[in-house]
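Chemist: Can you read through this structure? Questions will come right after.
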Amino acid sequence: MTPETLSVRMTINGAPVGPVDIPEDLMMLEFLQEYVNLTGTRYGCGQGVCLACGIILDEDDGTSRLVPACITGAAYLDGRSVRTVEGHAARGPDGQVTRLSPIQRAFLEHFSFQCSYCTPGFVNAATVLVERLERAPVPRDEVEATVLAAMDGNICRCTGYVRYLTAVRDVILSTPGLTRGSDPGSRAS
Amino acid sequence: MKRLALILAGAAAAVLAVLAVVYLAFTGPGDIPPATVDFDALGDEEHADLVARGRYVARAADCVACHKSEDGLALAGGLPLETPFGTLYGTNVTPSDDHGIGDWSADDLYRAMVWGINPDGSRLYPAMPYASYHHVARADVDALWLYLMAERPVDKPNRPAELTFPFNIRPAIAFWNLLYRPDDPGLAEVAGKSESWHRGRYLVDVLGHCGECHTPRNLAYARTDAHLEGEVIEGALSPDISPEGLVRRGWTPEDLARFMREGLSPQGTMTFRMYPVLEHSSRYLTDADMTAMVTYLFDGAPGDGQRDPALAADAPPRQEADLPPEGRRLYVGLCAGCHGTEGEGHPHASVPLDTNTTAMLDDPLNLVRIIREGVPARTLAGEERMQAMPGFADRLDAAEMAALANYMRVRWGGRPGDVTPEQVEDIAEAHGG
């Protein structure tokens, strides 16, 4: 039985893609790698548990969320806007990377990863967290717990997480607007 | 006027007197047979054997499911049990003198399990399944008592029940007992049934107290005669496990034995309050006891032809075109990655849905709750485990949730796709918004 084919179009890293004909049960990860040639998103567990495949889904209301591309159907994301690890850095006219995002830079500075297999998912999860804090800052003394809770689902097998989490915490604490005073009574928030 | 008041007072006094007589004469403990062993004369080896037997009785009776502490300490008490009348907390049944049952005799344990009465004469709430344990063998109680007394005492105070009026009047339970506690603790032999069947009945109806969740209850919250035909308890449906109910959903004795032993079978995995049953009880049953249990549960099951025709292998395949298209889009987009486009599942990770029984239940409660809330990663018995299923409460609105539930009901459940968004909203409201 040949699977039913559907036509999809979406916005990926700000650029329109499609319409493309795909099998109706094609997963988003395979769509990115085989149809759009964006190979940075990684296939890890294939069950949406390790989040190496995590990509960013931009909702219509301006919020963003992490979505496991390995178990999310491409057809389900028809008409939506997503971002992958390839979409964070600023690029020059020929597509060359000219400037990394603050999260990407922090991961390099902290030597957060070794084999890098999980890194695309960590970059996207941390970026979603930063964007959430832009909308709803947390008290500075809650940053540690906030980072742990937000990044807890991403699995890494090399560095033991500490350098990833420290990098994310440093970006949040050093970026104005992501935190408010620990005592809202004494400081304007 | 004064005379009327006198008459009323007299009538009230008469009623109270009758109640007092009934209370004193008919609601107390019945007979307590003598212990089957001389506890003072036990040799070390005999003692060890009886403790081992008692541990098995405790497991078969699943004491830990209710008597463990909030942080998982077996038998120390504290786990909440939600009822329509308020919350009860499992009690400390370690041999702590101050907070547990350290000063209980084996007779005391028998009186509590069989008659629902504490050593001080106060009544246990029927959440303690003495109406099921009622038929427990004295020899099992003796072994259980030796086992409990050999456990390490935990000095953890009991938490009082938080029940609403009038259910917080403990002595009133005496009258519930009058109506719903069986009288004769004996369990009559049924002619023509095998030894295994009788053992199975004892494991299912007495020690395992399956009916406490699976049998429908009446307004007095007592079990009705619709033995094991399913009931909503603690927010989830304990399905119909009568022979007809089991067969209708495609259960076989072999699959049910595997499910009880490993927590997993083609029909699904254990969820809600059934998972602790695997964890503390059913995984420990011997092969002979497991066979006995399924022998009893399937006794009188209709032949193959009685399986729900919509689910039978030779039923005409449901055409994709007949299925709700929005449900299909959501299923393929959000579920198929793990459960497979055809519902075939992934071994050791996610259950098949094409044989899963959850969508086969008339009541969509469990199906909707699982889609909304997900299932935590679980270590099952043996080498088996299942990965976490995420909840979709924040991804799907009520209309989408209903469409998805209906897709599964129609495609694999043999049920009509009649779940409404309003039903989904009601379930959502009752379970965390």
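Every residue, even glycine, has its Cβ placed from backbone N, Cα and C.
Okay, these came from TrEMBL:
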DOMAIN    B:49-152  domain 'Cytochrome c'
BINDING   B:Cys63, B:Cys66, B:His67  heme c 1 binding site
DOMAIN    B:195-301  domain 'Cytochrome c'
BINDING   B:Cys210, B:Cys213, B:His214  heme c 2 binding site
REGION    B:305-325  region 'Disordered'
DOMAIN    B:322-412  domain 'Cytochrome c'
BINDING   B:Cys335, B:Cys338, B:His339  heme c 3 binding site
Chemist: With CB distance below 8 Å as the criterion, list the binding-site residues among B:Cys66, B:Cys210, B:His214, B:Cys338 that sit near chain A.
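Modeler: The answer, in sequence order, is B:Cys338.
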Chemist: So how many other Cβ atoms are close to B:Cys338 (heme c 3 binding site), meaning within 10 Å of its Cβ?
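Modeler: By my count, 22.
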Chemist: By CA distance, which of the binding-site residues (B:Cys66, B:His67, B:His339) lies nearest to B:Cys213 (heme c 2 binding site)?
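Modeler: Nearest candidate: B:Cys66.
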Chemist: Starting from the heme c 2 site formed by B:Cys210, B:Cys213, B:His214, give every other residue of that chain whose CB sits within 8 Å of the mean position of their CB atoms, in sequence order.
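Modeler: Same chain, not in B:Cys210, B:Cys213, B:His214, Cβ within 8 Å: B:His209, B:Gly211, B:Glu212, B:Thr215, B:Leu228, B:Glu231, B:Ser238, B:Ile241.
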Chemist: Could you name the residues, excluding B:Cys63, B:Cys66, B:His67, of the same chain that surround the heme c 1 site, i.e. Cβ within 8 Å of the Cβ centre of those residues, in sequence order?
Modeler: B:Asp62, B:Val64, B:Ala65, B:Lys68, B:Leu75, B:Gly77, B:Leu79, B:Gly90, B:Val93
Chemist: Measuring Cα to Cα, how many Å separate B:His67 (heme c 1 binding site) from B:Cys210 (heme c 2 binding site)?
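Modeler: Checking the Cα atoms of B:His67 (heme c 1 binding site) and B:Cys210 (heme c 2 binding site) gives a distance of 17 Å.
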Chemist: In whole Å, how far is B:His214 (heme c 2 binding site) from B:Cys338 (heme c 3 binding site) when you measure between their Cα atoms?
Modeler: 30
Chemist: Return the member of B:Cys63, B:Cys66, B:Cys210, B:His214 nearest to B:Cys335 (heme c 3 binding site) in space, with distance defined Cα to Cα and candidates limited to these binding-site residues.
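Modeler: That would be B:His214, the closest of B:Cys63, B:Cys66, B:Cys210, B:His214 to B:Cys335 (heme c 3 binding site).
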Chemist: Summarise the model's confidence over the domain 'Cytochrome c' (B:195-301) as a mean pLDDT value.
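Modeler: When the pLDDT values over the domain 'Cytochrome c' (B:195-301) are averaged, the result is 94.
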Chemist: Taking the Cβ of B:Cys210 (heme c 2 binding site) as the reference point, list residues of the same chain whose Cβ is under 8 angstroms away and which are at least six residues distant in sequence.
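Modeler: In sequence order, B:Val204, B:Leu228, B:Ile241 meet the Cβ cut-off.
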Chemist: Taking the Cβ of B:Cys213 (heme c 2 binding site) as centre, how many other Cβ atoms lie within 10 Å?
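Modeler: Result for B:Cys213 (heme c 2 binding site): 23 neighbouring Cβ atoms inside 10 Å.
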